[in-house]
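Asker: My questions all concern the structure below.
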């Protein structure tokens, strides 16, 4: 009888500990897998500025060059290749 009570209390204690730790680890995470996959897709897509658009750094331009004088994206190769092709 004492052993049964000890086992029941131990199981309840371990279950409570497991639920408490599972709750703290899941904070800030989304519950639905579909939402998680769309968040990853949004983070992976990179928006860039087309030719003749304003820029401050070369990485912002879809083309290969940001003119530091005019702060405009230009295709310095003159053949219309974007970064994804290069």
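Just so you know, glycine gets a Cβ as well, placed from its N, Cα and C.
So Swiss-Prot lists the following for this protein:
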type	residues	note
DISULFID	48-62	disulfide bond
DISULFID	55-66	disulfide bond
DISULFID	61-73	disulfide bond
SIGNAL	1-22	signal peptide
Asker: Which has the fewest other CB atoms in a 10 Å radius around its CB: 48, 55, 66, the listed disulfide-bonded residues?
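Answerer: Counting other Cβ atoms within 10 Å of each of the disulfide-bonded residues 48, 55, 66 gives the minimum at 48.
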Asker: 61, 62, 73: which of these disulfide-bonded residues has the sparsest Cβ neighbourhood within 10 Å?
Answerer: 62
Asker: According to DSSP, does residue 61 (disulfide bond) sit in a helix, a strand, or coil?
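Answerer: DSSP assigns residue 61 (disulfide bond) to strand.
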Asker: Looking only at C-alpha atoms, tell me how far residue 62 (disulfide bond) is from residue 73 (disulfide bond), rounded to the nearest Å.
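Answerer: Spelling it out, the Cα of residue 62 (disulfide bond) and the Cα of residue 73 (disulfide bond) are 8 Å apart.
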Asker: Give me the CA-CA distance between residue 73 (disulfide bond) and residue 55 (disulfide bond), in Å, as a whole number.
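Answerer: Cα of residue 73 (disulfide bond) to Cα of residue 55 (disulfide bond) measures 6 Å after rounding.
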Asker: Once the DSSP letters are reduced so that anything not helix or strand counts as coil, what is residue 66 (disulfide bond)?
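Answerer: DSSP assigns residue 66 (disulfide bond) to strand.
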